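J.: One structure, pasted below without further comment.
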Amino acid sequence: MNQLKNDRYLKALLREPVDMTPVWMMRQAGRYLPEYKATRAEAGDFMALCRNADLACEVTLQPLRRYALDAAILFSDILTVPDAMGLGLSFGAGEGPKFARPIENKAQVDNLPIPDPESELQYVMNAVRTIRRELKGEVPLIGFSGSPWTLATYMVEGGSSKAFTKIKKMMYADPQILHALLDKLADSVILYLNAQIKAGAQAVMVFDTWGGVLAHNEYKAFSLRYMHKIVDGLIRENEGRKVPVTLFTKGGGLWLEAIAETGCDAVGLDWTIDIADARRRVGHKVALQGNMDPSVLYAQPERIEQEVKQILAGFGQGSGHVFNLGHGIHQDVPEQSPKVFVDAVHEYSKQYHK
């Protein structure tokens, strides 16, 4: 594998000294880029794009051609794992994901296979290998998965949800069924992420998009417990380097201390948290990723720069901060905004790393 030319993202995750704060954007390969829309049209549909290693590689690299990003993230979807379990995933035009066979009972959970990453999910590993080759060591490649809880919400609800009534009914009325599902998902995610690491991912991230809808104790019992299991099961060193792991719960500011206790290297922050407060609470144990509100990118360049400066000042001196948005970039942001954002992070962060 190629020698890494820019490793400040990996170093910051391990709280090692860097020359400036590294930055990437959640959903940086995506619909806000006209070239992404063209490639997706060429693929035919979203899952066809995910399954074509060359096209998945192309959209992964597109934002790196425009912006001085410090990491690439695999272009894929969190629902690849439940799809490989045979639930019949589809994406309707202009609609969110739908599962033809949602999980309703114990028998269905018992019959769910644990997917083999190098067979049912081989297309993801092929994409990782292709992207890693084409990156030529410019920046590291991030692999990722959804968290067991977040994957389970889609599998039980049958798609996206606002109220999460079906999965919460299962959680309170039949908790043993949900625990069995989450346990199987955790085992599947461990295999999946370890396969991504073996294929060339140099860091991994677990997206717990819906952990924040849970009550205080239920978050720990039904979400964090299974992310902890994943952290314990991951390959943490490959190609002679540590492979850092980041856990991100949207709405997880209440539980930063508990998340930091899992043994992860970094905790992702959404925009509702004051990064100075987060660093005071857990900065001695983990790196922090975040946490600008993605909607700031609608603002004028001066306002974007002001927000970047504020977050950098909030984190303060030294390494241990990966700058990012607090969630995925919106698809209709002005074309120049991401460049203003990325360049501002690099320019204004140097003073914090002297």
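Cβ atoms are placed via backbone N, Cα and C, with glycine included.
So Swiss-Prot lists the following for this protein:
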{"type": "BINDING", "residues": "ARG27, GLN28, ALA29, GLY30, ARG31, ASP77, TYR154, THR209, HIS327", "note": "substrate binding site"}
{"type": "SITE", "residues": "ASP77", "note": "site 'Transition state stabilizer'"}
J.: What's the number of neighbouring CB atoms sitting within 10 A of the CB on HIS327 (substrate binding site)?
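T.: So the Cβ neighbour count for HIS327 (substrate binding site) comes to 22.
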J.: Could you tally the C-beta atoms, other than its own, that fall within 10 angstroms of the C-beta of ALA29 (substrate binding site)?
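T.: Cβ-Cβ neighbours of ALA29 (substrate binding site) within 10 Å number 23.
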J.: Need one number for the substrate-binding residues ARG27, GLN28, ALA29, GLY30, ARG31, ASP77, TYR154, THR209, HIS327: the maximum pairwise CA distance in Å, whole number please.
T.: 23
J.: For ASP77 (site 'Transition state stabilizer'), what residues in its own chain, 6 or more apart in sequence, show a Cβ-Cβ distance under 8 Å?
T.: PHE46, MET47, CYS50, PRO97
J.: May I ask which residues of the same chain, at least 6 positions away in sequence, place their Cβ under 8 angstroms from the Cβ of ARG31 (substrate binding site)?
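T.: In sequence order, LYS37, ARG40, GLN331 meet the Cβ cut-off.
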J.: List every residue in the same chain as ARG27 (substrate binding site), at least 6 positions away in sequence, whose Cβ is under 8 Å from its Cβ.
T.: GLY328, ILE329
J.: Mind giving me a neighbour count for TYR154 (substrate binding site)? Other Cβ atoms within 10 Å of its Cβ, every protein chain shown.
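T.: Step by step: centre on the Cβ of TYR154 (substrate binding site), count other Cβ atoms within 10 Å, giving 27.
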